[in-house]
Amino acid sequence: MALLTKAETPPPPPRRRRLVYRLRVLRHDPTAALGLILVALLAYLVVAPLVAVVSDAFRLQYGDQVHAGQQPGEWTGYYLWRVFRSQISGLLFWEPLLNTLVVAVGTVVFAVVVGGGMAWLVTRTNVPGRKWLAGALVVPYMLPSWTFSLAWLSLFKNERAGGQVGFLQAMGIRTPDSLAYGAVPIIITLGLHYYPFVLLLVGNALRRIDAQLEDSARILGAPQRTVIRRIVAPLMLPALSSAVLLVIGRVLGTFGTPYVLGLPADFRVLSTGLYQSIRDRSTGVASVLATVIVIIGILIVFTDSRLMREHRRFVTVGGKGAMDRLGDLRRWRWPAFALGLLVFVLSVLVPVLTLLLSTVTRTPLDLSTFTLDFWLAERLPGAVGFPHGVFRGSELWTAAWNSLRIVGLASLICALCGLLIGYVVVRGSAPRIAGFLRQVSFLPYLIPGIAFAAASLSLFAVARGPVPALYGTTFLLILVMAVTHLPYSSRSGIAAMMQLGREPEEAAQIAGASWWQRMRRIIFPIQKGALVTGIVLPFISGLKELSIVIMLTTTGTELLTTLSIGLVDYGYTQLANAVVLVIALVSFTMTYLTQRLTKSSLASGLGG
Amino acid sequence: MPNITLSGVAKSYGGGDYAVKNLDLTVPDGAFMCLLGPSGCGKTTTLRMIAGLEQPSAGTIAVGDRILDSVERGLYVPPEKRDMGLVFQNYALWPHLSVRENVEFGLRMRKVPAPERRARAAAALKMVHVDAAMERYPSQLSGGQQQRVALARMLAINPTVLLLDEPLSNLDARLRLEMRAELKRIHDESGATIVFVTHDQLEALTMATDIAVMNEGELQQLAAPMELYARPANRFVAEFVGSPPMAIVDVGAAPTGLAGSLLRFVESRAAGCAPAGIGIRPEALRLDPPPDAAWSEEALVEAVLPAGSSWTVRLRILDAELYALSYTPVEAEPGDTLTCWTDQMHLFGEGGDRISSWDRTKVGA
């Protein structure tokens, strides 16, 4: 038996030797190389556009030499001055900012009152048809957000903007501008789209409250009202504040609704202002606006995560002891059901039926003028830009094919990247690379879509180095769409890989499988399910996407969403409505099928 | 078949903390070597370094003449080329492949033709007695069966070295007992060199031919199981191996109480011997009538804990509390006074290393 002397920490081998050894190891392990490639990719596609847009905000653009008295490319505060302090700054920035705030606050109040109330109704009461209501009330979220604004126009549009007037006007009831356009309709239509968001988040939180927490309070002598005030409400706060901030963030970046309902009355918000600046080719101003939106977006998400951290200290909401006891509404049961039904009717049936009827009647909603011309006619008299029914001609089919192909490819790339990011993060041979990937892939989440599109335009609109100008190419659309959906797929990719752990791959490695064989035979087959969800969720949300693509599409790369907005611009209300109905149908069907087939809940893909 | 040698192997995760410090270890060909130690002692890291899943910061790992890792010479063989088997603690079976496909995987990677592949997979599964579940999927198997499939998956490739990472820790007590015997049998049948990691000393003592005890990244002792038990190299090994653990009484400058009593006895036997600690294993602390030559002292019974085949007694002897383990019934109540004695002591020096044992039957060591 040998007695061992205590081992001392050995002197590390010389640096150069260690390097040789490390390189030898790296040659056999492509994870590191893959990590570096992903880092480069994300740096180029996520970080670089943001840098470009911020730098555009501070550099003089061509064409502004005379006004600013500087040479193009020089550093300048001219655009800051123009946006914040000049005579037109009110028009460019302050008024849109104020309008944005009004819309955001209004939408949040609307969504919280309706969504919160409905959440309570379907999770904590014995309202008849709870299950059905819970499902039905989420449907508005599956429709493109500006579906509601088109329906609104079909009902309330007056002669101000030209084109076909709305139902009420046609009946001889004058609709004032304030009801047809501007803050009120925008708030209502956005509220109708976003209340399911609150419903899902708050409903989930309500459902997960441990019944024992309430029971304990009640046993200690607290009356029902006190239990709600002191136990339930504080536990709801995190979910509620999250929902509120996320809705604000969404409203900030939303384009379709304020464009359709705001512009005819010169009601500008930041997103439409940004769009117009870009259309007017005032790149500098657009860059400043985009930067402001980015900063507000980041602030919102930081506030959210800060609040979440504060709350997490006392959140003891566990999976156990779910609420199974429901408050008895007694004689209010049926009135409560009627209320829920009313919300469903107003947020789903009315808009969808309005759109549908508007496409099959010549005079809005007057069934005596029934016609299928807007869908099927070879020739539509009077319509110049789009002289036939939507199913005739090539426009709809081209746009549908474009949507399918562009969104499909983007989703595929997105899901693959997400899974690979998850793989690199979990393999974790280089913590710094993993950290970078984790954070940067999440960055687009902080940035309202329209601002990110503007940023991408800054970087890719002109040729830079070996990269040619990509404006107007399908490629750019795919890239931007993939990047904006990356946060969700990288998160689910990381989660899926974490759950799998590294052992299955290591076991394959020990068994003699090369890296490529491990990927092909072990990792991807096991992650098949995660990959499919990772493709489908971005696909559905990408199909409805307008804010991101509106600035990037050109005549050759028209998508369904931009086609519809284009028809709105022409004043062909019925045709635009028909296209939106097509989108809504596809997106609703796919969401429904996915939920059925993968049993994934919409809440997990909420971001999309 | 060759030995596995680790020389000067260290592993640091940066920041000056070493998971493994300067480890020299030789696993003889055909051995059933156990790396034993508390959690965080570096035993799993050592195993993963042998497998190639982690890379040492310094040192050399070789099997026979084939160098697998040498930081100093810049040599590295990736895990997939090492021809080793590794059974993971949680088995890591591939959920999308059937049992047969799991077991055939390694052979497929080695481009073994299909008929031979089938035969070898069937043989490996037969060896671990799960050949009946061939076409099932891992999720349809019990924990014990999954464990066996994980083993078969590695046995199928006839590895010269088989590594096991806490292979039995996820099994229930009955299965564990069964698998211990199975592993021993598989070791005999396959002739492979097996290295396995555990924190369970009973597992180590019952199965291994050699045990390497590790603590805080350092090798404490390398010995055969009974050798390890009879002659622990230092206080750590003495206290870690054995249940209940060996009681070690610290001998200060002017020892009183139990320490004083034991020291006087030791000095009367071996003049000039100055231990810093004196250890007594529970089963060496006897309660039957003492022989003349042994150390003995009055003891107060504090508790009697019968366990079927043995009795553990907590005793207060002078100023100290000790456990005695008896294999004959102890007819005593708390509060009784007994005479306890011992003829086996372990003497530890200043640094904690064992300097000698005193044994009535075998004097010195």
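Using N, Cα and C of the backbone, Cβ positions are placed for all residues, glycine too.
Among the features that TrEMBL reports, domain 'ABC transmembrane type-1' is placed at A:97-304, A:400-594. The transmembrane segment annotation in TrEMBL covers A:32-54, A:101-122, A:134-155, A:179-206, A:227-248, A:284-303, A:334-357, A:406-430, A:442-463, A:469-488, A:529-552, A:572-593.
Most Cβ pairs under 8 A with the transmembrane segment (A:469-488) among the ranges A:32-54, A:284-303, A:442-463, A:529-552, A:572-593 are made by A:442-463.
Across the candidate stretches A:32-54, A:134-155, A:406-430, A:572-593, the maximum count of CB pairs under 8 A to the transmembrane segment (A:284-303) is reached by A:32-54. Taking pairs at least six residues apart, the transmembrane segment (A:134-155) and the transmembrane segment (A:442-463) share fewer than three Cβ pairs below 8 Å and do not count as touching. Residues 139, 142-144, 146-147, 150-151, 153-154, 157, 163-164, 352, 355-356, 358-359, 374-375, 383, 385-386, 390, 396, 399-400, 536, 539-540, 543-544, 560-561, 563-565, 602 of the same chain, all 6+ positions outside the transmembrane segment (A:572-593), place their C-beta atoms under 8 angstroms from a C-beta of that stretch. For the transmembrane segment (A:32-54), the neighbouring stretch richest in Cβ pairs under 8 Å, chosen from A:406-430, A:442-463, A:529-552, is A:442-463.
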